[in-house]
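Enquirer: Dropping the structure in here first, questions after.
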């Protein structure tokens with residue numbers, strides 16, 4: 001199962017590499033700026049004292065690989081394209097760069113961050129607020145499913161940073177509730193998700209309304225060639241910090257598969273795992289909203305305490321469920337890919353792919369929920385005969401070997 005992808009596999013790793021190489025070399029080095037400096041401590045980065053206080057209070061001790069290379073060029077006002085896997089402090093990289101450059105005397109929006117989902121936008125807002133706690137930063141998340149009038153009230157009272165989803169942000173700009181005059185930093189987070197799906201036109205529309213001289217940061221866990229191509233229109237000689245696919249191993253997360261003969265037997269396998277393992281907190285991924293509801297009912301009928309969230313639920317319900325999960329009062333969360341990127345919970349030790357993702361790229365976003373910030377994590381993939389091709393695709397895409405679940409899995413958690 002760990003070998004090459006079977007004939008007819010839907011993912012062509014060689015084609016991906018050749019497209020990426022062609023794209024990156026298409027304009028030689030004229031398109032990019034090189035920036036090779038690495039900073040092994042936050043203290044060496046020349047950051048404001050009160051920003052350092054916020055970074056250390058948040059729990060960071062030393063910078064991750066992407067932070068060592070990515071914070072300073074952003075602080076210097078350079079355009080940047082940065083790729084790093086989930087759980088490596090990517091969000092804190094651009095938050096630090098923004099917080100370092102804000103004029104706190106000016107209570108106008110100076111930085112705009114776009115994210116693909118409400119949950120992720122709200123997570124970024126929390127990180128920005130926490131890191132900027134000693135700086136007095138004012139941040140607001142503009143997302144769908146919330147009161148337009150409340151957004152307008154908060155924006156009119158003055159904020160330094162707006163984080164949001166493209167639809168609501170464009171609406172606020174169109175209504176002139178969000179004024180772009182002082183915006184000097186524009187960040188796209190999870191650019192792969194936004195640029196390769198339906199948000200492309202909205203991002204263009206937003207960009208047209210921003211001042212001509214603006215710093216642009218593009219951050220993502222995966223960077224498809226199509227996403228890089230679009231950034232050319234926005235960016236001026238960006239610094240490129242790319243992690244090759246063979247480095248996207250999600251260090252510290254042990255990855256296993258369990259062979260399940262029939263789809264119907266996955267439920268028994270799942271219940272067996274929960275009865276034998278002592279799990280702090282875990283996330284279970286399935287591929288459809290209907291299956292979230294079905295699996296939640298089945299687990300509860302067997303006396304397992306689980307909570308569930310998916311895109312059909314209203315925003316208030318989703319917020320309450322995520323709050324309970326973050327606080328630890330709920331220990332098992334069942335969800336879909338849609339919400340994978342907004343789940344940032346420190347104590348998650350196990351991710352179970354009840355269904356394998358339909359795209360190799362989404363595997364990274366799912367299993368990056370475990371082992372956050374250097375903690376140990378385990379991911380377990382349920383694999384039927386129909387899933388073998390996708391498992392091979394995932395292994396080739398990330399250049400990893402996913403081994404069969406050992407008998408002593410309890411020792412790994």
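Glycine is treated like the rest: Cβ placed from N, Cα and C.
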Enquirer: Ranges 185-188, 189-192, 193-196, 197-200: which does Swiss-Prot label motif 'DEAD box'?
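Expert: Based on what Swiss-Prot states, motif 'DEAD box' spans 189-192.
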Enquirer: Quick check on the annotations: Swiss-Prot lists motif 'Q motif' for one of 11-39, 40-68. Which range is it?
Expert: 40-68
Enquirer: Report, as numbers and ranges, which residues of the same chain sit near the motif 'Q motif' (40-68): CB under 8 Å and 6 or more residues beyond its ends.
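Expert: Sequence-distant neighbours of the motif 'Q motif' (40-68): 75, 82, 84, 88-90, 92-93, 96, 99-100, 127, 130-135, 241, 243, 373.
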Enquirer: Using DSSP, tally how many residues of the motif 'DEAD box' (189-192) sit in helix, strand and coil.
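Expert: Residue counts for the motif 'DEAD box' (189-192) by secondary structure: 2 helix, 1 strand, 1 coil.
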